[in-house]
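Contents: one structure, followed by commentary.
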């Protein structure tokens, strides 16, 4: 009886599938394939154009000195140090036990006339022990003659944006012309200000000088190598291309110097999204100001070492831009102070293609629609869309990190896994769905915790956490891809099963917590 019932049930399901496939499933799948192919072409054209721009910049040796006036600030013997601009250095932090000494020490070590610089530590820590340690560190540097201010507030309203906004309200800030911002895990070299301030001082049209990030823990594990590949492309290609062509790019929130008058003209910091840095950059740009990216100036910092921390970061970096795009698209379109070409670049290229299409097409096409076509042989995906375009896009991305070229396949699989969360974050930001649209989780830093010092008995080796976290969404998608692979292996003709099994394995590895698992001993 059970066999008859089972067979009958499967037969009914088969009949239902045949009844809905031709009139509903096939047309829907064809529409989805066309939409995904269109987004793929958008992304492909965007990546190729940026690649051409970077190639031209490199071949023509298009140096900053040719575009902007740059010369060292010379001391005036008559007036002395007042000829140097007054600089404010802001360090926002929140319970940064592992890195507060590194960041404060690096900021206090900046080479600049001591009476022309103010170090401002904006401490939003809720842990009283950490707060006391940070205050003690500030007092220690103050005892060495450093002009350092320890600032706290009674709440965390607006998170980082709120702290930076409050920091700009102190009376002593009025005497400052420029503000350099460093997150708590960033360690600028002593000559940072000497290489950035002259650009702002000699070019009154510039509002921002952005430096590149250098990752101190990129070799920590496979996950950090993957992050390095993505971020290197962002800095070497996206930021450089935006700087060279439109004098606009998104502020990275740290390792940059702002002209305070430009910041104030645009309305200062706002906390309406989780990407306050990008928000400020767009508003300042709409006022007609220009930005410059200095690619050979690198500031050391740390990549997220755990997958959970990376997930939170990527949610913020995908949800925030989508939400900002929704809030600002009309304002950008109506702006009359910038050219139509620049408005088109910001709306289409900067926001739509890079911040929305790139996330959606990666997950929806390569992890949902393409695998689903194995069940619907009537729907064919052309080879140029399934193989050639993604291959070229991936190769272009790998150019940014030549040393990791041999990891390209792993990077593709890992990026597809992360596209699940980026797509989810993008939809949350666009539709302002749920409470996570304004979710701000500070990325946990490890600082010196993973650096074993030779001969030091107190230094503990990091322990390995494997399988302690299970991520249901990744496992669910992994099962879906595995089933698609099995079906394609048995009945398909496109040989997608090779990719499907590899991608399913990647989702399973991440879903069962086997990546980003090195954590320090407490």
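Glycine is treated like the rest: Cβ placed from N, Cα and C.
A quick note: this is a predicted structure, and the numbers were derived from the prediction, not measured.
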| query | Looking at 424-447, 496-519, which one does TrEMBL call transmembrane segment? | reply | 496-519
| Chain residues outside the transmembrane segment (386-414) and at least six past its termini with a C-beta under 8 angstroms from it | 40-41, 43-44, 47-48, 51, 222-223, 225-226, 228-230, 232-233, 235-237, 366, 370, 502-503, 505-506, 510, 515
| request: Give residue numbers and ranges for long-range contacts of the transmembrane segment (31-57): same chain, 6 or more residues beyond its ends, CB-CB under 8 A. | output: 236-238, 240-241, 244-245, 349, 353-354, 357-358, 360-361, 364-365, 369-370, 373, 379, 381-382, 385, 389-390, 392-393, 396-397, 399
| field | Long-range Cβ neighbours of the transmembrane segment (470-490) (under 8 Å; 6 or more residues past either end) | value | 367, 371-372, 374-375, 417, 420-421, 496-497, 500-501, 503-508, 510-513
| query | Are there residues at least 6 beyond the ends of the transmembrane segment (496-519) whose Cβ is under 8 Å from a Cβ of it, and what are they? | reply | 220-223, 304-310, 366-367, 370-371, 373-374, 409, 413-414, 416-417, 446, 450, 462-475, 477-479, 481-482, 484-486, 488-489
| said: Using a Cβ cut-off under 8 Å, which residues of the same chain at least 6 positions beyond either end of the transmembrane segment (344-366) come close to it? | reply: 32, 36, 39-40, 42-43, 46, 238, 242, 245-246, 248-250, 282, 285, 318, 321-322, 324-325, 329, 332-333, 390, 415-416, 419-420, 422-423, 425-426, 430, 503
